[in-house]
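According to TrEMBL, the feature domain 'ABC transmembrane type-1' maps to B:74-292. Residues or ranges marked as transmembrane segment in TrEMBL: B:12-32, B:77-99, B:111-131, B:165-190, B:211-234, B:269-292.
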Amino acid sequence: MAVTEAQTTSSAPSPRPPRRQVDPRYALGRTVKYLVLFFFLVVVLIPVYVLVVTSFKGSGDATAARAWSLPTVWVLDNWGEAWTTLAPAIGRSVMLAVPASIISSILGSMNGFVLSRWRFRGADVVFTLILFGMFIPYQAVMIPLLQLVLGIGLPSGVPTLIMLHVIYGIPITTLIFRNYYESVPIELIEAGRVDGAGMLRAYWSIVLPLSIPSFVVVLIWQFTSIWNDFLFAVFFSSSQNGPVTLALNNLANGSILANYGASMAGALLASAPTMLVYILLGKYFIGGLMSGSVKG
Amino acid sequence: MLRDIRRWGPPLLLISPSLILVGIFVYGLIAINTYTSMTDMHTAAQTTGKAPVSFVGLQNYWELLASDSFQHSLKNLALYTIVFLSGALVFGFMWAWLLDRPVKYEGVFRSIYLFPMAVSFIASGVVWRWLLNSNVDDKATGLNRLFQIVGLNFLQNGWWNNVNVGITAIAIPAIWQLAGYIMALFLAGFRGIPQELREAARVDGVSEFQLYRLVVFPQLTPILLSAVIVIGHMSLKVFDLIMSISKPANYQTKVPAIDMFVFKSQYDYANSAAVGVILLVIVAVLIVPYLVHVARSGRR
């Protein structure tokens, strides 16, 4: 995003007539544009309004007629209930997402370095085969994976989920690091080579320190997708030892008469970490999204 | 010999753990899964090895594809993909186009359009389940109630409870979550077109419409392709949203990924595996030509 920011300013001399020239058609167009943009802003924020408002409503307020109104009395009961139910699962999600993102980033960095610098015959084929792992529907490996995990007696829950997220994170982390290392000037590494550094040495003392920005992007990407994962969670953990997505889904779908207030407070709690990452590190978050789109 | 080890050893050392893991956990498991899908492993006793399992070839596939229930899932998947893909592309492109020319508070609009992307489908499903509540009139909550308030009563409907097109209601939250991502892609695309190119075209007396048709759109084609690939393959794997908004047992909203989960819960591993293979084939048809294209263009 930093790049686009810079380009916005550089493209400031707009091709359209300068604003001082009074052109009523242009002014009308501008107004319509802002109205449209604002309309969609409201539309996008509607679910947030509902989440926040409902999470503070007491049971008397949660009637159909008052569905869209503000609470008559703001109560914290829903938040208390959601916190009691979800806190252990939030803890498990932290224990899962933090190590899994770190390990998969390290693996991705090693692969990305090798694949960007080591031009052996068939390197493109190897890379494409790894990349395909990013797109496969996990449904196509789930049954044997389940049999394997049960067969070798891995514990259900966090440790197994860490392993799976590390393995299935290899394709995307490799891709992002490879694209990054392709842009690192080869002279830097060659210079190290001349000074007698082997490949491992060059990786450790030259490439790794250069990779910090890329690590930030990959860590954020992995943290977000692991935190938000539900598929592996539902196959390889239970509500007693699973991450927060699973616990939240059980909370929301658990009772016959779902308690919307508590569910919505829970949804906000479960989204807080990734939202925080998005707000604090937005530009790196977008960097991850962009790399995830495989632009070759 | 020693030279070879020195040359090939270090890179192999770095990359081989990953290659082995991907080899086993992606390609190895796909092979085993394909085999399982061709057996008669339909009961709990067979999954635990207490009863014999035999090879039945493609029988599971014929039965699945012939069943009304699975055809319904495939139809749902197609409908969902069409609505999700076109919705995300239309809104994403429109937002990017509106934000491309200098706009005040651009960062605010951009950040808010994009933020749903950071939220899990499970969390957004909690609020969308409420918004897409099928009750109407006196009992209406969610969007149906909102339509009453603003006087658009005729828009009230059963959302995902409709057997034929209910699945398209599930595409609405999906669009809400991903349109901002498509916007970010297109915005980067717009900004990537050199200003001089536009200027040059204008100097040549090209109209605004022609400018888009001849200069801007061709430059955006690779972005469009990435967007279609990303949304398309996400759409084919849709699972979380349906699990949190509807329920796995709901016929109206079932898709292959849900069938796979339900079969697995019934210890019908053979059919579960077969559904997985069918999904893999659909994704591969979409992705493999794209990956080959990317690999080719990368070599240049």
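Including glycine, each Cβ sits where the backbone N, Cα and C put it.
Curation does not apply to TrEMBL; its annotations are automatic.
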Intrachain neighbours beyond the transmembrane segment (B:12-32), with Cβ under 8 angstroms and 6 or more residues off its ends: 280
Range from B:77-99, B:165-190, B:211-234 with most C-beta pairs under 8 A to the transmembrane segment (B:111-131): B:165-190
Distant-in-sequence neighbours of the transmembrane segment (B:77-99), which means Cβ under 8 A and at least six residues beyond its ends: 106, 109-110, 113, 165, 167-168, 170-172, 174-175, 178-187, 189-190, 224, 227-228, 231-232, 235-236, 238, 255-256
Surrounding residues of the transmembrane segment (B:165-190) on its own chain - C-beta under 8 Å, 6+ positions past either end: 76, 79-80, 83-84, 87-89, 91-93, 95-97, 99-100, 110, 113-117, 119, 121, 124-125, 128, 132, 158-159, 216, 219-220, 222-223, 226-227, 230-231, 234-235, 238, 241-242, 245-246, 252-253, 255
